[in-house]
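Chemist: What TrEMBL shows for this protein is this:
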TRANSMEM  A:17-34  transmembrane segment
TRANSMEM  A:46-64  transmembrane segment
TRANSMEM  A:71-90  transmembrane segment
TRANSMEM  A:110-129  transmembrane segment
TRANSMEM  A:138-160  transmembrane segment
TRANSMEM  A:180-197  transmembrane segment
TRANSMEM  A:218-235  transmembrane segment
TRANSMEM  A:241-257  transmembrane segment
TRANSMEM  A:262-281  transmembrane segment
TRANSMEM  A:340-362  transmembrane segment
TRANSMEM  A:382-403  transmembrane segment
TRANSMEM  A:415-434  transmembrane segment
Amino acid sequence: MATVAELEVRTGRRAELALLGIAWVIIVLSRALVDYHADFLELAPLAIYGGGAAALMLACHLIIRRYAPSADPVLLPAVFAINGVGLAMIRRIDFAYAQYRGRETDFGAAQIGWTIAGVILAMAVILVIRDHRKLRRFTYTAGVVGLVLYLLPLVPGLGVEINGARIWIDVFGRSLQPGEFAKIAMVVFFAGYLVTNRDTLALAGPKILGLRFPRPRDMGPLLVVWAAALLLMIYQRDLGASLLFFGIFLGMLYVATQRISWVITGVALFGVGAVAAGIVFPHVRSRYDAWLHALDPEVYSSGTSEQLVRGLFGMASGGLFGTGLGQGRPDLVPYAESDFIIASIGEELGLTGLMALLVLYLIVVQRAFRTSIGVRDGFGKLLAAGLGFSLALQVFIVVGGVTRVIPLTGLTTPWLAYGGSSMLANWIVVGLLLRVSDQARRARTEASA
Amino acid sequence: MNEPARRLSVIVLVLFLALLGATSWIQVINAEDLNQDPRNVRTLYREFGNFRGPIVVDGQSVVYSTPVDDPYNYQRSYTDGELFASATGFYSIVYGRTGLEQTENQLLNGSDDSLFWTRLGNLFAGEQQQGASVETTLSGSLQRVAAEALGDRAGAVVALDPETGKVLAMVTSPTYDPALLAGHDTSVVNENYANLLADPAGPLINRAIAGDTYPPGSTFKLVVSAAALESGFTPDTELYAPQELELPGTTTTIGNYGGVACDPSDHMSLADALRVSCNTAFADLGMSLGWGVIERKAHDFGWDEPLDIPLPVTASRLPESPDAAQTAMSAIGQYDVRATPLQMAMVAAAIGNDGTLMRPYLVDAVRAPDLKVLSTTEPEVLRESMTRSDATDLREMMVDVVSNGTGAGARIGGVEVAGKTGTAETGRDTAPHTWFVSFAPADDPVVALAVIVEEGGDGDRGATGGTVAAPIAKAVMEEALRLDAEGDL
């Protein structure tokens, strides 16, 4: 019957290899440009870098060919390309710090290490988790783990406060952001919980203004998650993690129940919480001020919006085409290599480069949704959609914060910004998505074989 | 669950569109405002980080940038800085820019729209943004001769090509060296600037175009003569020229230079009155013409109109509805009549160019870093100041001034010179400002100019335009004629 069209379906491994080739060119070329403009271009190190990247990418390709042969062919190359641009940019910022600030940093080399570790983790996910449905068994374990990870920074002696946000913990002298891992655990938990309880949650309640709202007695879980999000916002002093956490839950709840009334209720609750927090807590309020009145002389001179405005100046100086890699002054923005790497990219690669990057993210996210629609089991659908939506929301919160769409928060840009936790966690997400997509597309490729 | 997943992916799309919109707003639509924000140090750094184009006189870069090893990357240098400061201005990391450094800034620093393709080329070649070179209309040797002729005396010389409006020389004295302000040691620059500002002689003032405007004195009689010719007078028309003229409604009288009678008969022709610069004749002529006629003629020569050459030129001024006595004083270039030296050079140029006043300009051409010409200034008519026949009459009257009258000091052997002297009361108890405006050769001038020496140069109460300013004009005209003969002008 319908198998005629499906005869065309291929595993896509060749396409993946070709796309990886393109990603490799971007990775190597961007680094070569950075080195060239820093008068640092030597062929031997570049060859090692290019060779290493090729080896790593090829290894991934072979592992996927063997253990997830039907996995989505676009995901991996797109993420590699984003990661490569990030590596080049961070190296460039190292040079800028050295040249203009006399500051010796080696974020670039450290980030290469994190990248390799992240890629290995992603492959380990594919090798260890042969079937994503097994994860459903760990639904409540994941819930507890996620909660503990979120709470770790609040443990005295372990948590560290950086930049006014308490989202780091100190492990052997390194600061980690456990929230990045908690995000994954929470997606697993929500997926398992919602696939089991979706029928109850989808039950109709009272009708208000033409919309059917859930029964009040089923509101429990939503209220619990809402309270948890508010606690996160207040105690960690970070709007980003809380918004991400709550947003993921709402998105997945919607996918599970198909009830827009849940989303409306949730958004209203979060809005009330956010406004209330702004009224009650001065540190939240100053974040809002910095967002709404960033260029106001009073707000600026008080220092609350200075980083944000400097980022805006950087992006504005980049214009349409950017100053070119190695020709701007990204060092003039605090945390140019991590929180504000988007501003650095906007400055040196211009609006064109930034848009290209955002489109790459969009491609990754859309592939995740594609996977969600393709996979057959409900848990897999929720997992893929949840992971995809978490990536999208995280990018939106970070880039939106830097570009004044929403208040600035302390999240990192996946695969791009400097930081180990974020790199490892987001590569795990890639591994999970590849795994689910293998399942999603295998059904069709096998059917056509 | 497929349908909501699909819808969620649409929501994601909307979120990303918001991001694309916000980045476009910041990086393109609102970028200009952000770049201009005074808190933005980036614009400043980038400005200094770029290779700034040179300013060229006679094919030689008199202002240029050289790479240096400091945070500003380039040092601005000035060859013969004092000589060309009136045109080039300075470029300082502390005090900003003046002169061509300011008006041509976007071309010099490479950010002008006309350099878009050059910038795009640089972008792809991975090269730094480069500025264009600005070629001036100045003649280096004419500028030098004018400056040397003026010497240490306070004043100005402006020389124009009457046919095109090119500014061939623009000298102001005293002057300064822009290099004093172009250094990268801010404390030294601060001190130098403070010294220049404190100097009572005002070396930072460009007297040629933008200083305090001067009373034009008898040189204004050219404008009154032009008004008379237009009103039907001829050079031979008899004027009333008493030894003393009582001003109506007052007890004051106007006398002539030295208190002498212009003519024993108390009457003389218009041409003779100009030749001997008879005050009473012109004061009476002014009253009989009426202020409106003179004012209109002055406007025809450019009074009351600010200019950009592209340096901003202060508008020369006229009195507002003067009574008869004030009109009489104004007609001899006193009372509230004020003129820049450039304005008086424009009067001479218009008369020399058959009555057509060309728009004066200082920038001849702009070249991209690859030497391709980006733009050249085309000569442009500013005004038809006089009819051709009136201009011919007035020119002959001016030739008479030099060959038989007060302008004898500007005579050049073998060449007809047209000129007019001026000796203007400063309104203070000082020696008079001395003027000379002229052009040569009279029938087809290669140069028209105005010279002013403030307070007679050495404070001599007896100084006149004929004795002090005319010899300077003569030196400049001789050099212009020499350059023209060699094909260098």
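Using the three backbone atoms N, Cα and C, a Cβ is placed for every residue, glycine included.
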Chemist: Per the definition of 3+ C-beta pairs under 8 A with sequence separation of 6 or more, do the transmembrane segment (A:110-129) and the transmembrane segment (A:46-64) touch?
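Modeler: Contact between the transmembrane segment (A:46-64) and the transmembrane segment (A:110-129): present, because at least 3 Cβ pairs are under 8 Å.
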Chemist: Using a Cβ cut-off of under 8 Å, list the residues of the same chain at least 6 residues beyond the transmembrane segment (A:262-281) that approach it.
Modeler: 201, 211, 213-214, 219, 222-223, 226, 229-230, 233-234, 239, 243, 246, 249-250, 253-254, 288
Chemist: Do we see three or more Cβ pairs under 8 Å linking the transmembrane segment (A:180-197) and the transmembrane segment (A:17-34), pairs being at least 6 apart in sequence?
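Modeler: Stretch pair does not touch.
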Chemist: Is the transmembrane segment (A:415-434) in contact with the transmembrane segment (A:340-362), using at least 3 Cβ pairs under 8 Å (sequence separation of 6 or more) as the test?
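Modeler: Yes, the transmembrane segment (A:340-362) and the transmembrane segment (A:415-434) are in contact.
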Chemist: Are the transmembrane segment (A:138-160) and the transmembrane segment (A:71-90) close enough that 3 or more Cβ pairs fall under 8 Å, when only pairs 6 or more apart in sequence count?
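Modeler: Per Cβ check, the transmembrane segment (A:71-90) does not touch the transmembrane segment (A:138-160).
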Chemist: Given a Cβ distance threshold of under 8 angstroms, which distant residues of the chain, six or more beyond its ends, lie next to the transmembrane segment (A:382-403)?
Modeler: 132, 135, 183-184, 187-188, 190-191, 194-195, 240, 243-244, 247-248, 251-252, 255-256, 308, 311-312, 315, 339-340, 342-343, 358, 361-362, 364-369, 371-372, 375, 409, 411-414, 417, 426, 429, 432-433, 436-437, 440
